[in-house]
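K.L.:
Annotation source TrEMBL lists oxalate binding site at 92, 97, 102. Under the heading Mn(2+) binding site, TrEMBL lists 95, 97, 102, 141. Look at TrEMBL and you will find 53-194 tagged as domain 'Cupin type-1'. Annotation comment: TrEMBL describes 1-21 as signal peptide.
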């Protein structure tokens, strides 16, 4: 009987610990920032309008977020969106989202996407308009528009109001990690690392 109680306690604790991995639950219908009186406009976000129309104007790739920073009504709601615009040949470099999985829907054109699991296995897929692909939480992934003539657009849904993005090139080569550490880690020379650090600074 006592062992059943311990098993039940272990299950409850495991469930509680598992639920803390996502956004915390709120104890009200929604959260309103100080000084704001909610109305229908508070629950409306129009920042994706231009992001759903073709290639970005000033870069090979552009992300337009609708997370709690841009859309405060999402605070406590455990959801967010992003619109991804790819010029011909544009890429969304390898990155991770530490606080959420990502569900990507291609709405224009086509993309090659991929993810790497914790066993270092690469999974790639070509997605056409209307196709969905899930990137599990915390795993390295990327998207690439390999069409040389036409742009692509995708929408990403997240199970967090602030999924976070850790860009591997920027984190590794633009964060100030000692160049000797990077050279030894990548089994290369300091000149190669200098070139990668300079490239990260540009972009």
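For all residues, glycine too, the Cβ spot is worked out from N, Cα and C.
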K.L.:
List the Cα distance (Å, whole number) between residue 97 (oxalate binding site) and residue 141 (Mn(2+) binding site).
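P.N.:
Checking the Cα atoms of residue 97 (oxalate binding site) and residue 141 (Mn(2+) binding site) gives a distance of 9 Å.
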K.L.:
At the Cα level, what's the spacing in Å between residue 92 (oxalate binding site) and residue 141 (Mn(2+) binding site), rounded?
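P.N.:
With distance taken Cα to Cα, residue 141 (Mn(2+) binding site) is 9 Å from residue 92 (oxalate binding site).
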K.L.:
At the Cα level, what's the spacing in Å between residue 95 (Mn(2+) binding site) and residue 102 (oxalate binding site), rounded?
P.N.:
12
K.L.:
Out of 102, 141, which has the highest number of nearby Cβ atoms, where nearby means within 10 Å of its Cβ, if these are the binding-site residues?
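P.N.:
Per the Cβ count, the most surrounded site is 102.
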K.L.:
Compute the centroid of the Cβ atoms of 95, 97, 102, 141, then list the same-chain residues not in that set whose Cβ lies within 8 Å of it, in sequence order, for the Mn(2+) site.
P.N.:
96, 135, 139, 140, 163, 165
K.L.:
Rank the binding-site residues 95, 97 by how many other Cβ atoms lie within 10 Å of each Cβ and give me the one with the fewest.
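P.N.:
Result for the binding-site residues 95, 97: minimum number of other Cβ atoms within 10 Å at 95.
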